[in-house]
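S.K.: Below is a structure I'd like to ask you about.
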Amino acid sequence: MSVKFLKGKIFSRRGKSEKPKNAYIVIEDFMKLPVYFYHTIGLNPYELKGTNNKPGIGFYILFLLHMINANIVLALEIFFVYVSFRNNENFIESCMVMSYIGFVIVGELKIGAVLLQKQKLTNLVRQMESVFPPARQKEQEEYDVRRYLRRCLRYTKGFGGLYMTLVITYNLFAICQYSIQKWILHSPHAKQTVPYVPLTPWTWQDNWKFYPTYLSQSMAGYTATCGHISADLMIFAVAIQVIMHFDRLAKSLTEFSVRAKSEEDGADKDLKQLQELIAYHNKILGLTDVMNEVFGLALLLNFLASSTLVCFVGFQISIGISPEMMAKLILILISANSEIYLICNFSQMLIDASGSICYAVYDMNWSDADPRFRKMLILLALRAQKPVCLTATVFLDISIETMSIFLRMSYKFFCAIRTMYQ
């Protein structure tokens, strides 16, 4: 049977339309970018229900190699800082390496958090699958799933692309600079350098060991970056879906048609429909609880690490450095601030979306409803008045105001380091 494509649908000679295989959106479409980054370092963050495609032994070996290499480079960085402070030299370079140390440690801690919380993350994804709109056109249009997926991909691709630009710049800058000086400018002062830490137990200058050393440090930077951003990308993907559910619930409440006075058994039908909406609200709140339980530690690490990173970078910029180093440091500064801003922004969107339930209850035609119905609405509105947000464990409830707290904290650290240097 011949077929032809027209406007995204498949039409046969009989005139019947058939949906393409990927016509409907599934939860994996929201999660594919963080999962992809995790897979590149040999980590499977959660188990999909009903899948038998278990990672092979090569997958675990890849993860082990990534972690061993990252920890070797981390140990070299720590030793370099120790030697520099002991000999009272290379203070500026030590500050730069210390920012690398913080970045690698946070990346590895985030990876460890995912490994420890893997079962909880799997349960979270399965709970999200249970409330995700089914693969039917009507339901997916009611939830406007495609619009939320576009928002999710816009944020995740933009943020992931920013950090990939950061790590590629740092990984390739040194070797590109050396190649241009040596092979294009033919400069006699061309000097081999490595991306992150010059101190190693072996001599790598001007011999074949330079290339494996360079590759090792570049891969360590990529491993830390994947560990650092993948958890954030997953937080964004989960938060967008929770916002979608809150918006759908608010719309259902606003458009609720009260039948208590228009139908004989309308009051009972209204109560049954409202009970289903309340149960849906409870499921959404349960998702947010599990989400914060899984990602709370990662969020706390983000704020601690980014504050330290911003103050170190700000200090180096303030003392005067070369233009190429300035460009690299500004890229770090933009990335760290963008990460915190996006987290605060997503948490604020959650606060606004969860709070909209209370307004939706008020906008309903509740005056014509049964007294039992109105009492249930009061309980629903009271529960909705408690905002839902991202929480960095028990220490911090995140909102857009948290961004100002972050900047003040970073500035205080910056002033302290600046005073020590003077």
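Each Cβ is built from the backbone N, Cα and C atoms, and glycine gets one as well.
The annotation transmembrane segment is assigned in TrEMBL to 59-85, 97-116, 160-180, 219-243, 294-319, 325-344.
Quick one: how deep are these features, and who are their neighbours?
M.R.: Long-range Cβ contacts of the transmembrane segment (97-116) within its own chain (Cβ-Cβ under 8 Å, at least 6 residues beyond either end) map to 38, 41, 43, 45, 67, 70-71, 73-74, 77-78, 80-81, 84, 196-197, 220, 223-228, 230-231, 297-298, 301-302, 304-305, 308-309, 312-313, 332.
Here the transmembrane segment (160-180) has long-range neighbours at 33, 37, 190-196, 214, 218, 221-222, 225, 228-229, 233, 324, 328, 331-332, 334-335, 338, meaning same-chain residues at least 6 beyond its ends whose C-beta is under 8 angstroms from one of its own.
Sequence-distant contacts of the transmembrane segment (219-243) (same chain, six or more residues past either end, CB-CB distance under 8 Å): 27, 30-31, 33-34, 37-38, 40-41, 45, 66-67, 69-70, 72-74, 103-104, 106-108, 110-111, 113-114, 124, 128, 132, 148, 151-152, 155-156, 159-160, 163-164, 166-167, 170-171, 195-196, 284, 287-288, 291, 295, 298-299, 302, 339, 342-343, 346-347, 349-350, 353, 388, 390.
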S.K.: Go through the chain and flag residues at least 6 beyond the ends of the transmembrane segment (59-85) whose CB is under 8 A from any CB in it; none is fine as an answer.
M.R.: 41-44, 91, 93-94, 97-98, 100-101, 104-105, 107-108, 111, 196-200, 216-217, 219-220, 223-224
S.K.: Which bits of the chain, at least 6 residues beyond where the transmembrane segment (294-319) starts or stops, bring a Cβ under 8 A of a Cβ in it?
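M.R.: Here the qualifying positions are 92, 95-96, 98-99, 102-103, 105-106, 109-110, 113, 117, 120-121, 124, 231-232, 234-235, 238, 325-326, 329-330, 332-333, 336-337, 339-340, 343, 390-393, 395-396, 398, 402, 406, 409-411, 413-414, 416-418, 421.
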